[in-house]
């Protein structure tokens, strides 16, 4: 039997970067094939060429043995290639059925379409009411719409781009069941991810890209997560050095019945959240995206002020009604999830971005005037200490890659030596090498006596990093426990909204 | 052959300064073509409007006098626009500044002293700022768009002049003309160069621009304006209140427009007349953009705009061009500038047609 998909010598050049350099590999019918690599390794570009969004500069794509040119996504779908993107393209105000109908190339009467949707849903256990409005669905359910949309075309190859980044562990299991069933029926799956344990659990073959080049094609079941990670980043991976058996000091940050009010239509406010972080402790907050994490970070950073002074205290001092500047003076620094436009200003130089949050703590302002020399010196130190790839303090923040900008932002806050640091998604979209550096910096800061709150959707990150863990769901925080007392299943249930002792009973 | 816009990694510094120059050049070329097409001597019109004011040294003092209010108002607007606060009503704030100064001049008539002009200046600034406070209040309390409120208030202020100069402030010796009496000598701006019309407002404009430049580039206030305009969410994270910024932006731009109003009424006009609104407040919007929202750039932009005003008057007498032609040239300049601005962030890239189809 010929290979379902065969790439040979695929090359794509962008101004300044060779995104794909003679990449060749093959996907067999019914095979679940992982495409693995760091951010910027060229995975997305490669997949876009297979799906017809871009054209290769050189090389050949063979489909079931025949050489083909895929001029656009419509042609790709006609060949039998389906794709589920990382970011969904759904209209929140429309129903599931309407969303699927809008995405179809051919016009199908809605009754017939509904019948076919129900057929696909039952066949693969993708349970969903076609008449529900998308706005009421969870992220996992929304992803099912995209999968159903792709399956309606009876694809022979399904491309999944980072599908699990927004799912709970249970939802991930359900997704894997669907994918295994599809593969068993002969549909090939090209699975893009950087989560190595998922690839080990799911995939038959893994192709690893680094810097646009194919590094290795291997059997993930015969590799360790570590060996694959090292192939991905090209060097040995550094472990986080965390002193064992270190004790925690007295309570530093106390959050007591903190709530925020609802501001927008779809955002989730914080609802009666209480927790304590001690000196030297890293407190992790897990949760699926959109469960009040943003409101919690804003409420802690001071962008949203509380009406109760004692809703947040540092060393017993109530800071609940203070703004961000005052809170920083009291030692609380924060890093929001969105880097560009929230944690940093893309049009400003890095030096000017340092002024944004470090001006008071580091004395960059004298009599209303900015001491640009001090800002420059500090920025230079951040760049050097956190190995930020930038031309210098005068580069604009917008010219940095996501990972480098994140390193700069984390460095900017950590080098201020805050006594409390609150960070959201500290390594989101950051490559493994940079992520390890950021993790180590957080651990070192805690060891030096700061209290740290890490809000993240990445369970692996939280399990390696935090000492204590709680889960946020619909704005409510579960009771906190030492991280080693939690099983992944338990965390997953909490993330999905099953609150242990009370509701599950 | 096809072109595609491609985002630049960093905004182009070259384009940032080249597009205003290109906008002026394009205005001259297109202006010449348009006016030729409708039957005028197009090349002559462009020469009279853009070059005569520069080559004829008698016109230089006119340039200074016209440029001064444009620069002062333009500096204020450039500060507000940096913060994404769209004060379109500088004309109204200019009028209110002029009226407040007039009030001081009239009520101290005959008993003034060295303090009269500083007091008029203070009144002018406060008058302009107070008038800009109305859009600020509406925007921060009720979320009413300041573009509409500030613009509409301009028309209200024009009516206020008409009322004041026809009734309570009318000069009894004015032979029925709707105007106030001529200000006393202490309430008139001194001339800097004897024998010319260059008044104290001209050096004041330069000083205002230099001080504003220093504040915008070096102070926390300037930083606040820039960061709120560039990334409001980041500004909040950095501890800058958006409402406070809106207030500051409107008060500063209104205050400077009021200052220009005071300098005009105490300088060239010497009294309040119905013809006091001369659209300086609107033209200064173009000045602010042509000057790249940078106070130093505003000095040059103010001079360029003054050239078109003075040149427009020259062209009126020499080749019989309508006075609205000046407006056409100014509008073209803003249009080309805004259109050219896309090249600051994007570059034109030639693409193969076949790739564009895919």
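Using the three backbone atoms N, Cα and C, a Cβ is placed for every residue, glycine included.
For B:21-43 (among others), the entry in TrEMBL reads transmembrane segment.
Residues or ranges marked as transmembrane segment in TrEMBL: B:63-81 (among others).
The transmembrane segment annotation in TrEMBL covers B:93-111 (among others).
If you look up TrEMBL, you'll see B:117-138 (among others) marked as transmembrane segment. Sequence-distant contacts of the transmembrane segment (B:117-138), counting only residues of its own chain at least 6 positions beyond either end whose CB sits under 8 Å from a CB of the stretch, comprise 87, 89, 92-94, 96-101, 103-105, 108, 144, 146, 149-150, 153, 157, 186-187, 189, 246-247, 250-259, 261-263, 266.
What TrEMBL records for B:147-165 (among others) is transmembrane segment.
Outside the transmembrane segment (B:197-216) by six or more residues, the chain places 61-62, 64-65, 67-69, 71-72, 75-76, 78-79, 82, 189-191, 222, 225-226, 256, 259-260, 263-264, 267-268, 294-296, 298-299, 302 with a CB less than 8 A from a CB of the stretch. Summarising the annotation, TrEMBL assigns transmembrane segment to B:197-216 (among others).
Residues or ranges marked as transmembrane segment in TrEMBL: B:246-266 (among others). Long-range neighbours of the transmembrane segment (B:246-266) within the same chain, counting only residues 6 or more positions beyond its ends whose Cβ lies under 8 Å from a Cβ of the stretch, are 68-69, 72-73, 75-77, 79-80, 82-83, 85, 87, 90-91, 93-102, 105, 117, 120-121, 123-133, 135-136, 139-140, 146, 150, 183, 187-189, 199-201, 204, 208, 221, 224-225, 272, 276, 278, 280-281, 284.
Per TrEMBL, the feature transmembrane segment maps to B:272-291 (among others).
Per TrEMBL, the feature transmembrane segment maps to B:298-319 (among others).
The transmembrane segment annotation in TrEMBL covers B:325-344 (among others).
It is B:63-81 that, among the stretches B:63-81, B:93-111, B:325-344, forms the most Cβ pairs under 8 Å with the transmembrane segment (B:272-291).
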